[in-house]
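Asker: Got a structure for you, questions after.
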Ligand SMILES: C[S@@+](CC[C@H](N)C(=O)[O-])C[C@H]1O[C@@H](n2cnc3c(N)ncnc32)[C@H](O)[C@@H]1O
């Protein structure tokens, strides 16, 4: 029989070569088995672990050792202070996407009852967070994947916002039937050319429909921009798009080719990399 401390040491050692954060992973996996928080786990370091619990822990460690992300093993991931259900049907929410949420909240601070579209909602982390942070907002959340929409709906229920998030299946802006104040999108932006430089865990376990967008990664952003018109975006409305760190200039060029006077602002993430592009003032020109 092992104590919690010994089990953690065993688990971290097993993950030494499979993870860059072996101790943290072992803690999260064991806390999940015991149904406690990580802090709760640390408070029990000297407790003896029941045989069944250790067996369950061994199973989770084996999955992690094979490369499966921790979030899929425990079925949850924290995003903007809330817990989101995740499984293999959706991309695991990333911390850098919180920047997009922050910019959306800042942009809409003075807009009462905003209508927001979240394109490629995946787990629903962006749409559900915006609905929870702005109780007067109405969201339309779209995805091409029915599986992703099922997960996103469950997250909307979980966070009590299902009555204000309208989930629609369809590609890009096609499901929008009325103009909104803000379009947010974290669409796939990895180039198929870059497949081999992705972390192996990502390419093996996360849905490819959530990752890749043509050879340069810009295929979906290009198509989305081509669909923007007054039929989907209100005057004074804006777009916030998450992008790859090297795509800022290319996206700015795409925008200016169509709307020469548009405002394009690149926002950097905590690592100092271009991560979100904010596009506004599109309709100052005649070609809207
Ligand atoms: C990078 S994931 C982002 C998921 C979630 N918004 C997030 O930030 O974690 C992209 C999502 O876009 C969806 N998607 C891919 N192609 C799409 C398209 N043409 N129209 C709408 N959604 C699409 C994928 O199914 C996936 O759920």
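Keep in mind that glycine also has a Cβ here, set from the backbone N, Cα and C atoms.
In TrEMBL, annotation is done automatically, which means it is predicted and not curated.
Heads up, here are the entries from TrEMBL:
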| type | residues | note |
| --- | --- | --- |
| DOMAIN | 6-75 | domain 'Release factor glutamine methyltransferase N-terminal' |
| DOMAIN | 106-190 | domain 'Methyltransferase small' |
| BINDING | 120, 121, 122, 123, 124, 143, 186 | S-adenosyl-L-methionine binding site |
Asker: List the helix, strand and coil residue totals of the domain 'Release factor glutamine methyltransferase N-terminal' (6-75) as derived from DSSP.
Answerer: 47 helix, 1 strand, 22 coil
Asker: Just how many other Cβ atoms lie inside 10 Å of the Cβ on residue 121 (S-adenosyl-L-methionine binding site)?
Answerer: 31
Asker: What same-chain residues, at least 6 away in sequence, bring their CB to under 8 Å of the CB of residue 124 (S-adenosyl-L-methionine binding site)?
Answerer: 84, 118, 141, 151, 152, 153, 155, 156, 165, 167
Asker: Which value in Å gives the longest Cα to Cα span across the S-adenosyl-L-methionine site residues 120, 121, 122, 123, 124, 143, 186 as recorded?
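Answerer: Comparing all Cα pairs, the maximum is 11 Å.
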Asker: Which of 120, 122 has the fewest nearby Cβ atoms, counting only those within 10 Å, among these binding-site residues?
Answerer: 120
